[in-house]
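Here the structure comes first, spelled out in structure tokens, and everything after it is commentary.
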Amino acid sequence: MTSRPTPPTAAQLARVQTPMPRAWPLLACSLVLLAALLAGSVPVAFSIATVFLFAGPHNWFEARYMLGRLPARTGKLRTYFVTSLLGILMLIAAFVAMPWLMRMTETIPDSAHWILVGWNAALVLWVGLLMTLRARQNPRRDWSGMLPVGLMLLAGIAIRPDLFSMALIYAHPLMALWLLDREMIRSRPNWRPTYHRLLALVPLMLLALGVWLWNAPDLPGDDSLTLAIRTHAGGEIFAGISTHLLVAWHTFLEMVHYGVWLVAIPAIGLRSKPWELATIPAARHSPNLRRWIAGLLLVGVLIALTLWACFLVDYGTTRQIYFTIALVHVLAEVPFLLRSL
């Protein structure tokens, strides 16, 4: 006999039907416009400031949100979550080892190219495996049409793995917007039409930055930090585009990403105050797990504070280390996004 789903409570119904506050669209527009203006005017300074202020806190809120969405028991989803975790760990280990491996094989022609091809191809295959597992779960999905897309991606990676890597850097901030949309389906469905109209601001601001800065001279400065920021935005790959524009584009998208995780998703997706554990299924399931989760979140706070201190001591080195470690949260977003589809 099949058990019926638990009907929503009055509080849950009220939450779903709550209209969007009138000031929110205006506030969102103002923040997006301000982010674009700062990214275009002072891209390097804005990049330094946003990473310093928001990198650690946004990772903490992202971890808190994901804990609230994990089931207390994996059950039939065990294979999916184990595959997700193993894939993340192996891809991180391979990513960290890549510079060493490139140095060890630098005498072999095109070795760096094929090492990068291998990592990017492994990422695509891992995502494809997760999509296959997700398609077999309820609600079932037919994603067979994505197979040709995956094969074309693998072919493109073999030719220009550096372009695929840059595509990931620019696409990652947009994943937060997609996750926010999926969260609205769950908890604020009547907000989605307004949200979708607000989304038009992102391509409009990218276009405006392009018109404004297309003929701008490259960013000055030969210090290691400025060089790293330019390289991270694709300055060495997109040689025909002003580095001023590239850094402005990338910094603007990163600021949108931080805004979603620090403001929008906590306001919509967290059903309690961030430090309250009652809405985390695993914490409700077991007192021991509750203590472990509380400890994990506390460690996250300490890491964010340590990150700020390290930024003050040596910003350049800390930024480089952070963006290597931050790949964990980039990869972790993939299985959560697929589960929400």
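Including glycine, each Cβ sits where the backbone N, Cα and C put it.
Listed in TrEMBL:
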- 23-56: transmembrane segment (TRANSMEM)
- 77-100: transmembrane segment (TRANSMEM)
- 112-131: transmembrane segment (TRANSMEM)
- 143-159: transmembrane segment (TRANSMEM)
- 165-182: transmembrane segment (TRANSMEM)
- 194-214: transmembrane segment (TRANSMEM)
- 255-271: transmembrane segment (TRANSMEM)
- 292-315: transmembrane segment (TRANSMEM)
- 321-338: transmembrane segment (TRANSMEM)
Sequence-remote partners of the transmembrane segment (112-131) [C-beta within less than 8 Å, at least six residues beyond its ends]: 80, 83-84, 87, 90-91, 94-95, 98, 101-102, 105-106, 143, 146-147, 150, 153-154, 157-158, 161-162, 164-165, 168, 334-335, 338
Best-contacting stretch, by C-beta pairs under 8 Å, relative to the transmembrane segment (255-271) and drawn from 77-100, 165-182, 194-214: 165-182
Surrounding residues of the transmembrane segment (143-159) on its own chain - C-beta under 8 Å, 6+ positions past either end: 117, 120-121, 124, 128, 131-132, 134-135
Criterion met for the transmembrane segment (292-315) and the transmembrane segment (165-182) (at least three Cβ pairs under 8 Å): no
Distant-in-sequence neighbours of the transmembrane segment (165-182), which means Cβ under 8 A and at least six residues beyond its ends: 116, 120, 123, 192, 195-196, 199, 202, 232-234, 237-238, 249-250, 253-254, 256-257, 260-261, 264-265, 268-269, 330, 333, 336-337, 340-341
Long-range environment of the transmembrane segment (77-100) - Cβ separation under 8 angstroms, sequence gap at least 6: 71, 115-116, 118-119, 122-123, 126, 129-130, 133-134, 137, 324, 327-328, 331-332, 334-335, 339
Contact set, same chain, for the transmembrane segment (23-56): CB under 8 Å, 6 or more residues outside the stretch: 194, 198, 201-202, 205, 208-209, 212-213, 219, 221, 225-226, 229, 244, 247-252, 254-256, 258-259, 262, 303-305, 307-308, 311, 315, 319, 322, 326
